[in-house]
Amino acid sequence: MRPPTTARCPGRVLQNPWRSFWPLTLALFVGMGQAQRDPVGRYEPAGRDASRLRRPGGSPVVATAKVYSLFREQDAPVRGSPPAELVQPSWGSPRRSTEAEARRPPRAQQPRRVQPPAQTWRSRPSGQQQSAPRARAAPALPRLETVQRPRAARGRLTGRNVCGGQCCPGWTTANSTNHCIKPVCQPPCQNRGSCSRPQLCVCRSGFRGARCEEVIPEEEFDPQNSRPAPRRSAEGPPSLRRSSVARESTTARVRPPAPQLQRARTLSGLSQTRSSQQHVGLSQTTRLYPAPAASGQLTSNALPMGPGPERRDGAPQAAYLDRPSSSWGLNLTEKIKKIKIVFTPTICKQTCARGRCANSCERGDTTTLYSQSGHGHDPKSGFRIYFCQIPCLNGGRCIGRDECWCPANSTGKFCHLPAPRLDQEPPERGPRHRAPLEGPLKQSTFTLPLSNQLASVNPSLVNVHIRHPPEASVQIHQVARVRGEAEEAPEENSVETRPSPRLPAGPGPGRWDSNRIPARSGEAPRLPPPVVPRTPALLGRCYLSTLNGQCANPLPELTAHEDCCGSVGAFWGVTSCAPCPPRPASPVIENGQLECPQGYKRLNLTHCEDVNECLTLGLCEDSECVNTRGSYLCTCRPGLLLDPSRSRCVSDKAVSMQQGLCYRLLGPGTCALPLAQRITKQICCCSRVGKAWGSLCEKCPLPGTEAFREICPAGHGYTYSSSDIRLSMRKAEEEELARPSRDRGPKRNGTLPRPAERQPLRAATGTWVEAETIPDKGDSQASQVTTSVTQLSTWVPGGALGTPTPSVPEQGIPEAREEAQVTAPTNVLVTPAPSGIDRCAAGATNICGPGTCVNLPDGYRCICSPGYRLHPSQAYCTDDNECLRDPCKGRGRCVNRVGSYSCFCYPGYKLATSGATQECQDIDECEQPGVCSRGRCTNTEGSYHCECDQGYIMVRKGHCQDINECRHPGTCPDGKCVNSPGSYTCLPCEEGYRGQGGSCVDVNECLTPGVCTHGTCINLEGSFRCSCEQGYEVTPDEKGCKDVDECAIRASCPTGLCLNTEGSFTCSACESGYWVNEDGTACEDLDECAFPGVCPSGVCTNTAGSFSCRDCEAGYQPSALGHTCEDVDECEDPQSSCLGGECKNTAGSYQCLCPPGFQLANGTVCEDVDECVGEEYCAPRGECLNSHGSFFCLCADGFVSADGGTSCQDVDECAVTDRCVGGQCVNTDGSFNCVCETGFQPSPESGECVDIDECEDLGEPICGAWRCENSPGSYRCVLGCQPGFHMAPTGDCIDIDECANDTVCGSHGFCDNTDGAFRCLCDQGFETSPSGWDCVDVNECELMLAVCGAALCENVEGSFLCLCASDLEEYDAQEGRCRPRGAGGPSVPEARPGAHPPGPVRMECYSGQKDQTPCSSLLGRNTTQAECCCTQGTGWGDACDLCPDEDSVEFSEICPSGKGYIPVEGAWMFGQTTYTDADECVMFGPGLCRNGRCLNTVPGYICLCNPGYHYNAASRKCEDHDECQDMACENGECVNTEGSFHCFCSPPLTLDLSQQRCVNSTSGVEDLPDHDIHMDICWKRVTNYVCSHPLHGRRTTYTECCCQDGEAWSQQCALCPPRSSEVYAQLCNVARIEAEREAGIHFRPGYEYSPGPDDLHYSLYGPDGVPFYNYLGPEDAIPEPLFPSTAGRPGDRIPLPEPPLQPSELQPHYVASHPGLCCCKNGEEVGSEAVSLPSSPSAHHCQQEHQAGFEGLQAEECGILNGCENGRCVRVREGYTCDCFEGFQLDTAHMACVDVNECDDLNGPAALCVHGHCDNTEGSYRCHCLPGYVAEAGPPHCTAKE
């Protein structure tokens, strides 16, 4: 490969290398992507473009291909630059060309220094040439060496950029990886620049150059040109001037150049011109850059060049040419006023069903939209289009015709120049106004070639922007100029619609008014070569998460893959979804592609910009979205908080911490049954526990109301935790918010900014909207508001905006523009505008924003509202930041608000408000009480000062403390100093003290000689005392010692004679057993045990004056005198007798002789020998069961016990006379067989011979047309038909239709024909006659006893009437008695005869003992008056009305059948109520027979008390029996407990096996209770008090049986206590809560559960007959069994009461606390639909819909494997989950409820089982307490016995 040929400039001079550097740098960025390396590391073009770049001469590509040497030195000359005449001239400026040349070395040579050319040329304005000094030669670019990867043992290189097992040139491996993804820049990038691609440095702001080695100069602002300029250009006046060459009118004559031309430098190479004459506009030098077309060639930017003014950027542009333009600089878009855009929309909608979503797209009509002045709008289709004739580079965005909005890193008309350094203040932005469109629109941009242009060269590219609904996508077919219409009259935009084939036609063609611009004449158009348009990005559905492996939470609009995965999306797809690829943590460029981190998107080839997620619909539900850098925040209004999902606002009342009482019962005006602890309102009302809350008894809101959703946003059973929710009312911090990218514009230097003129568009609603607005810097929500045309996220410099001017004539040079006029005050703007246009009406009401628009003849004026000011753009009002003026005057912190401000005063100041003005005023602290006590207060600014009084000192601000003068030693030198407030006092010293340094010190009297003779002197504070020697005592004044007469004390020589001496005494003549000690002061005891032979077989213990024998050996005891040990006859001691054997005494011990069947254990107890172990005494005909001292055989079926029960023999079943009737009996071992005769067969149930019914088994063929009659053992055939049939002529037997006679059943019934017979079905009130052939009336008055009570009964046909004796009374069918007319409650309408009365009222039932009030205790809830008063109740109703006496008339009316009988609801006989026995055990549940078992009888009930209890008829419960009154608890202390007792023994005694006696640990016991010393049968099941299913293989004790699997024990079938009782808890030493849990699983009310095992524990009634809701508290009680059996047998008219039936699936649907379940009175419907139970026609319950997302499910409906065992399946919004029972926790990995090991949980609230051992169980745990402790519940623990 050879270097491209270069051409020298023939006679042209390049003036300034700075003006050519930036355009060529841009060409470098584009050209490098299409180039390849040469062997020395340089880039050469690749592919078919290589030949073009090697062309000699004036191709514009040559400048691009030769730009690389500029990086060596920017002032180096460049060879082969194009001739100056081929460069596109700017408007009114001389043509410029590059000044430097670069030369590339040959391929095989090392780079060498470039030699400068012999001569360079500089261009003059007149076109002459002059010589210029030579430029410096640039140093050679160093050769790029191939970077070798580190020699690490990581294996072979993988991934991209790998060439031949090594990293490709320019790449190296990243740290700790084997991937070649790290680019290499040599030499490295300077000034902290980053190497983004090989040999490509991305510079930080403020730096530039190939290696970021150059600092960008600071800029100055030229107020006349409004363009940035380098601060270093100090030459020339501030007004940068350059001559302009203009063309007058439409002729080709050239105006002479202006005099006094001065050269000026601009930062970006743009030459700017301002003429003092009539030349108006900004001139711009055209730069070359590669267009993003497929050809890869560099094309012009299609700048308008034609004559006349051209409106660009809102300002008139005049172009003047000094010569005809060449073909390379043609104006390709000149006079393009009307554009035709042909596109086809595709509407895509999402359809979701059963958790699956699918996109359905429908292609719309092909629409042709004619856009004039760059804008077009289809008001019917909802599409808005504007196009750009120029492409915007580096991520720029087209916002109008020939107008680019550039990102922060670029500037210039096409965003092709690097941005200046960001060290200046950004321009202030106006607020963005959301366009009043019909709905949110989405913008799509397409870069397409413009067809039908005026020049036959490379087509110009335009950007077409289409705003359309989000669910639509658009395909552009053609963008073309409308030919032949340039000379026509002013045109209007129009829309043409062409229906697509096979689809219904879309909206028809429509027209709309737009801005009319006069058309101008132009050159004839020439067709361009065809170019394939670019395909828009594919749109799909964006999903936020997945659920059960499927994509979920889709966004409502279709998005592109990059927009979805780069912002909030996790999955994306069109027909199916795929996960989004991972994003890097920071921007990374790999293989030329820029990878942006999450929350950012590509701005250009090297920069990423923040994604405004708040533009995405559906992110923050019921909250406000705030965009942040790389993410977003959901904020709530004051009073609302974000929930844990951070996407939903809930009321702060949902997490209120205010606590109060929760009431479980709400009556008329009263609250009752409060909970013991105070809880919050949401826990009380959201958990269904409470009905009212708080000190004011606030009623809990009803579900579905707004008040309920306010405190329970998640519904019933769920509350929010305050620790999971944080207040979100703060504003996002400045560093969190996403700042829009911005171009730092120049400072304004006091001049007014020129507002951008925007062409108004007419929206579909007919209102006027702005085509574009400039964002305001102070608007915090600028990044969240979209305009009606496009969404912009960048700032533009103020100088880049033009100034609105009046219209100009079509031909000729425009006059000098008028400057904008500003009038006082500053918030009023007068803007010139074309006459005749009402700007205030055109801008609707928001043209000025928060202000008033005043129309003027030449414009309009904005009068801003208070708190607002005129925006620097002079176009509207914006918020006035009053804080900039320091309205708080430094006394507080100013916080600006929209239209106002707030002062937060510092300490020492207070807020003073006067209208809209706020200020901080000083607080006079001296006026406040308690300030500067004991001092003088002086107020200061923001504070105060205290001056203390004399005698006080300041210790802290505002507090004067007394000075303690006594601290100074010289205050009182001869006395005691006493301090006083503000002063002090000197006092004289007391006796024993002397003055010293202001205080009194003690005098040491012990220093005086002769003090305390016969003792020691002890100095005291102010005195002294004497401590005397032994034998002396202190005198009364304690200042001397005297002798003690020891003999006067009785304790001296108690066993001898005492003699007193001075200071001592002596003893003599001691008693027996004592002797005088050595010093003679005492008679000491004589130790007899020191002599040998004392106390044989024992231990000698010395005593005072004697001795004794103690601790005799085993079998011995001390004698009567205690001097010897004698043998003990243990057989005479009842406590030492052999238990179950005979005792024999021995020397020092005894022996036990056991009877047969027993064996000696522990030497003292005869234990039973288990003969069944190891021996098969009863096998194989029975099972051996051990007994006390023997055994017996439990024989199998067919065997009987023999030999005294020790063996089993066969039973001869054939000995029974009636065995095997119709056959012969054959006895077998353990059974028998029947050999049946012909016509008989063995019965599969009993084995007996039963007759074979041949007529039934063989059917009709057996007798043919004859009738078959069965007989024992045979059958016979009889000629004729069965009764009820007649023989047809064909010989067949046909049924006789007796019902053909209409009168066969009379007039009160109808006939029902049956096969061979008929029956009469009678009307209500009639019954079948004895003959069965007709219906007769039923006399209810005779049949039903006292059916009308005390009223008269009158029988009528088919019914009966109850008549009252007095006309002033009427019969109340509901109460069953006569009542005065109009008295007592609401009138009851008269029921028709035979109608069922409404259901009775159900209320509370009370009972009381004889010596207490009748309403002392609550017996039951939800009972009728008859159920209460006819059974055990003494009071009924809310007011506890007393039940009538049994001998009263009222009692007969309520209970006509007597005590114990109640009416059956829904069961009627002949129009009368049916009465049956009341099951008190079911009706009152735990209210009866507490601590026992309730057994229903007819009538009444009986109580079977648990062991340790006796029945108390007065209280109707089993009360504890005090065993301590009956038994002595021998040798110990008896303590009674509930249902039992305990014996406590004192050491060395211990409790024996009977637990009732304290015995010596070495002795035995006797007379133990049978159930403790005996091992007996353990029965596993008890059915109707009959024991079955014995525990095979072993016998157990009573405790072992009942505490494990047994329900009864011993051959007497002794029942075990219920597992939910206290007796069971004490017997088995477990806590009460454990006993309740073992009794069965009790469910939470209000839910639907999965099916459970069909056993006793899962039924609606517990093992002790108590309904399961008993464990849920009285508030959850249900009125009656909800599954009553009323079906009975077919012939029963009065169904007998049966236990509640267990449904096939455990579905507690009708619990009282179930959502929507109401206790309805009188059959009313309360709040929802009343549903009748199929088994009870009169029983109603109210049912309403579950709250969505929180209902329970049955197993077959649950979407979880195994249906949540140990829990319940609950459907939530995301699918299914398990609500585990207590003691289980959810394992989310397996979606199962697993047991919680409470014993291993060291993080629990308290240590478990203190004073005991913790044993984990399935779903719970139990505590095994140590001796001396008993188990307690809540939480389970062990407490000491009382």
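Glycine too: its Cβ is placed from the backbone N, Cα and C atoms.
Look at Swiss-Prot and you will find LEU332, THR333, GLU334, LYS335, ILE336, LYS337, LYS338, ILE339, LYS340, ILE341, VAL342 tagged as heparin binding site. Note on LYS340 (heparin binding site): other Cβ atoms within 10 Å of its Cβ, all shown chains, come to 19.
Taken together, the residues of the domain 'EGF-like 2' (384-416) have an average pLDDT of 71. Here Swiss-Prot flags 384-416 as domain 'EGF-like 2'.
Among the features that Swiss-Prot reports, domain 'EGF-like 4' is placed at 836-878.
Per Swiss-Prot, the feature domain 'EGF-like 5' maps to 879-921; the stated evidence is sequence analysis.
The domain 'EGF-like 6' annotation in Swiss-Prot covers 922-961, and the record cites sequence analysis as its basis.
Feature annotation from Swiss-Prot assigns domain 'EGF-like 7' to 962-1001.
Here the domain 'EGF-like 9' (1043-1084) has Cβ contacts under 8 Å with residues 1014, 1029-1033, 1104-1106 of the same chain, all six or more residues outside its ends. As annotated by Swiss-Prot, domain 'EGF-like 9' applies to 1043-1084.
Marked as domain 'EGF-like 10' by Swiss-Prot on the basis of sequence analysis: 1085-1126. Counting residue by residue with DSSP, the domain 'EGF-like 10' (1085-1126) contains 3 helix, 16 strand, 23 coil.
Per Swiss-Prot, the feature domain 'EGF-like 11' maps to 1127-1167; the stated evidence is sequence analysis.
As annotated by Swiss-Prot, domain 'EGF-like 12' applies to 1168-1209, with the evidence given as sequence analysis. DSSP labels the residues of the domain 'EGF-like 12' (1168-1209) in these numbers: 0 helix, 20 strand, 22 coil.
Feature annotation from Swiss-Prot assigns domain 'EGF-like 18' to 1520-1559.
In terms of DSSP secondary structure, the domain 'TB 4' (1576-1628) contains 11 helix, 17 strand, 25 coil. Annotated domain 'TB 4' per Swiss-Prot: 1576-1628, in sequence order.
According to Swiss-Prot, the feature domain 'EGF-like 19' maps to 1754-1794.
Sequence annotations record features per position, and here Swiss-Prot assigns N-linked glycosylation site to ASN175 (among others). Under the three-state DSSP scheme, ASN175 (N-linked glycosylation site) falls in the coil class.
Residues annotated as N-linked glycosylation site in Swiss-Prot, with sequence analysis given as evidence: ASN331 (among others).
There are 22 other CB atoms within 10 A of the CB of ASN409 (N-linked glycosylation site), with all protein chains counted. Marked as N-linked glycosylation site by Swiss-Prot: ASN409 (among others).
Residue counts for the domain 'EGF-like 6' (922-961) by DSSP state, with H, G and I taken as helix and E and B as strand, are 3 helix, 22 strand, 15 coil. Taking Cβ pairs closer than 8 Å, the domain 'EGF-like 10' (1085-1126) reaches residues 1055, 1071-1075, 1146-1150, 1562 in its own chain, all 6 or more past its ends. Taking the C-alpha atom of ASN1560 (N-linked glycosylation site) as reference, the shortest distance to any of the recorded positions VAL342, ASN1162, ASN1422 belongs to ASN1162.
Counting every protein chain shown, the number of other Cβ atoms lying within 10 Å of the Cβ of ASN1162 (N-linked glycosylation site) is 10.
Counting Cβ pairs closer than 8 Å to the domain 'TB 4' (1576-1628), the top stretch among 962-1001, 1127-1167, 1168-1209 is 1168-1209. Comparing the glycosylation sites ASN175, ASN604, ASN1301, ASN1422, ASN1560 on other C-beta atoms within 10 angstroms of each C-beta gives the minimum for ASN175.
Within its own chain, the domain 'EGF-like 12' (1168-1209) is flanked in space by residues 1155-1159, 1229-1231, 1574-1575, 1577, 1590, 1592, 1595, which lie at least six positions past its ends and keep a Cβ under 8 Å from the stretch. Applying an 8 A CB threshold to same-chain residues 6+ apart, the list for VAL342 (heparin binding site) reads THR366, THR367, THR368, LEU369, ILE476, HIS477, GLN478, VAL479. Taking LYS340, ASN409, ASN1162, ASN1301, ASN1422 as the recorded positions under consideration, the smallest Cα distance to ASN175 (N-linked glycosylation site) is found for ASN409. Through the fold, the domain 'EGF-like 7' (962-1001) approaches residues 934, 949-953, 1021-1023 of its own chain, all at least 6 residues removed from its boundaries and within a Cβ separation under 8 Å. Rounded to a whole number, the distance between the Cα atoms of ASN1301 (N-linked glycosylation site) and ASN604 (N-linked glycosylation site) is 101 Å. The distance from the Cα of LYS340 (heparin binding site) to the Cα of ASN409 (N-linked glycosylation site) comes to 34 Å. The separation of ASN409 (N-linked glycosylation site) from ASN1162 (N-linked glycosylation site), Cα to Cα, is 100 Å. Geometry remark: ASN409 (N-linked glycosylation site) versus ASN1301 (N-linked glycosylation site), CA distance 107 Å. ASN1422 (N-linked glycosylation site) sits 53 Å from ASN1301 (N-linked glycosylation site), taking the Cα positions as reference.
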